[in-house]
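Asks: Before I ask anything, here is the structure I am working with.
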C-alpha cells in the first residue's frame, strides 16, 4: 500500500522546513487543515459542522461529570452512609481523576487502533455503565466503582475530540471549531449545576442527576455511527478510497484532489506510522513538540485554576451570595470567555490569546494577593477578591482553557499525534491530581498570600514559555506546522 502511495501522489522533500513555512502564502487557506491552490475557494464550513457537534458531546459529558457531585455530594454521603467522612467524600470526587488518567494514557493507542469514531463510542460505554452504577448503588464501594468507570470515559474523550476536530476542520475555521470543545465543557458543567439544584430539597435527586447523563452518552455512541471518520486516520491505514469518500463528504468533490496531495506530504515523513514506540515520544526529534504540549498542560493546572474554583464558594459566601448563584455566576463568566475565545481564535491567533490569558491570570491573582492582606478595608478587600476571582476565570477561558488542547492537535506530527496527545493529557491529569491533593495543606502552611503568589509566578513563567517556544498556527495546514517543528531526518 505504501508503494501505491508513492505511485499515486507526489512525495515532497524539503531541504529547509522553516523556509518553506515562512515563505508560504497563507491567504490560500485550505481544508482539513490543508492548503490548496488559489483557484479553488475555501470549502464550506457547514459540511463538517454536524460531525464536530456530535464529537463535542464527549466534552459536554466531561464538564457534566466534573460538576455533577458539586451540589449532590452532601445528599449522596447521607444516603450512602459516609456523611462527615472527608476522606470518603474526597474519594467520590477524586476517583474520577484516577479513571481519567487511565483513560487518557490509552486514548492514543485506542484512537490509532480503532479509529476516531470507534474511540468516541468506546468513550461513551464506560460513561453509561458508570453513571448507571452510581445511580443505582446503595454503597460507597458501588459509587466509587461507578465514578472510576465514568473517569475512564472522561480521560478518553477530550484527547480524541481534540484530534478529531483538528483533522476534519477547514484550516480557516479550525480555531473556531477547536473552541467548541471548551464551550461544550462549560455547558456541561453549567447543566450539571442547574440540574443539581433540587438535590438540596430532594435527598434522592442525585440518582436522577446520574441517570440524566446516560442520555447524551447514548446519543454520542449512536450519532457517531453516522458521522465521518477522520481522513487522516483512514489515509494512515492505507484506505485511499474511503479517505476520498470522507473528504468529499466533508468538503465537496472540488477539494478532494488537493487534500489528498496535502496528505501525501506528511506521508513520506511517517513511513513507520504503525510502529510508534513510547520511547520515541520522550527523546529524539519528537521530544520538542511533546515537551511543549506537556508543559502547556502542566502550566494550565499550576496556574491555580482548580484552586480558584474550589475557593469560589467561600468567597461568594463572604460576599453574601448563595453558593448556587455563585457557581452559576462562575459558569456564566467561563462560558462567556470561551465564546469570545471562539470568535478571536482564528483572528488573533493561538499564541497571542495564550500570552494575554496567562498575563491576565497573573494580574487577577495579584488582586487576590492584595485582597488577602490588610492593606485595605475588609469591604474593599471583599470586592477585590470577588473581582479578581471573576477576572481570573474570564482570562483563563480566553486562552489557557481552550488553546492548549487545540494547539496540541495542531503541532503534534501526524505519525505520533494520537499517542503524543495521550501522553500530554496524562501530564494534565497527574498535575491536576497533585494540585488538588496539596492545595489545602499548602494553604494552611503557607497562607493565601504566599500560595497565590506562587500561582501568579507560574502564570508569568507560562507566558515566558509561550513567548519563546510556541509558534503561531492560525490558518496554517497541519502538514506545514509539522514541517516547521519536526526536522526531516
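Glycine residues also receive a Cβ, built from the backbone N, Cα and C atoms like all the rest.
So TrEMBL lists these for the protein:
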{"type": "DOMAIN", "residues": "51-474", "note": "domain 'Major facilitator superfamily (MFS) profile'"}
{"type": "TRANSMEM", "residues": "49-67", "note": "transmembrane segment"}
{"type": "TRANSMEM", "residues": "87-107", "note": "transmembrane segment"}
{"type": "TRANSMEM", "residues": "144-165", "note": "transmembrane segment"}
{"type": "TRANSMEM", "residues": "177-199", "note": "transmembrane segment"}
{"type": "TRANSMEM", "residues": "205-226", "note": "transmembrane segment"}
{"type": "TRANSMEM", "residues": "289-313", "note": "transmembrane segment"}
{"type": "TRANSMEM", "residues": "352-370", "note": "transmembrane segment"}
{"type": "TRANSMEM", "residues": "382-408", "note": "transmembrane segment"}
{"type": "TRANSMEM", "residues": "420-443", "note": "transmembrane segment"}
{"type": "TRANSMEM", "residues": "449-466", "note": "transmembrane segment"}
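Any idea what these are sitting next to in the structure?
Replies: Beyond its flanks by at least six residues, the transmembrane segment (205-226) meets 54-55, 57-58, 60-61, 64-65, 68, 72, 75-76, 79, 117, 120-121, 123-125, 127-128, 131-132, 134-136, 146, 153, 192, 195-196, 198-199 of its own chain at Cβ-Cβ distances under 8 Å.
Outside the transmembrane segment (352-370), and at least 6 residues removed from its termini, the chain residues within Cβ reach (under 8 Å) are 296, 299, 303-304, 308, 341, 344-345, 376, 381, 384-385, 387-389, 391-392, 394-396, 398-401, 403-404, 407, 448-449, 452-453, 455-456, 459-460, 462-463, 466-467, 470, 472.
Tertiary proximity for the transmembrane segment (420-443) is limited to same-chain residues at least six positions away from its ends with a CB under 8 Å from its CB atoms, namely 94, 97-98, 100-101, 104-109, 155, 158-159, 162-163, 278, 281, 286, 289-290, 293-294, 296-298, 300-302, 304, 306-307, 310, 408-409, 412-413, 451.
Beyond the ends of the transmembrane segment (449-466), by six or more residues, the same chain brings 295-296, 299-300, 302-304, 307, 351, 354-355, 358-359, 361-362, 365-366, 368-369, 372-373, 400, 439, 442-443 to within a C-beta distance below 8 angstroms of the stretch.
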Asks: Over the domain 'Major facilitator superfamily (MFS) profile' (51-474), what is the model's mean pLDDT?
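Replies: Within the domain 'Major facilitator superfamily (MFS) profile' (51-474), the model's average pLDDT equals 86.
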Asks: Can you work out which residues elsewhere in the same chain, 6+ from the ends of the transmembrane segment (177-199), have a Cβ less than 8 Å from its Cβ atoms?
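Replies: That would be 48-49, 52-53, 55-57, 59-68, 70-72, 74-75, 158, 161-162, 165-166, 169, 205-206, 208-209, 212, 324, 327-328, 331-332, 334-335, 338-339, 341-342, 345, 397, 401-402, 405-406, 409.
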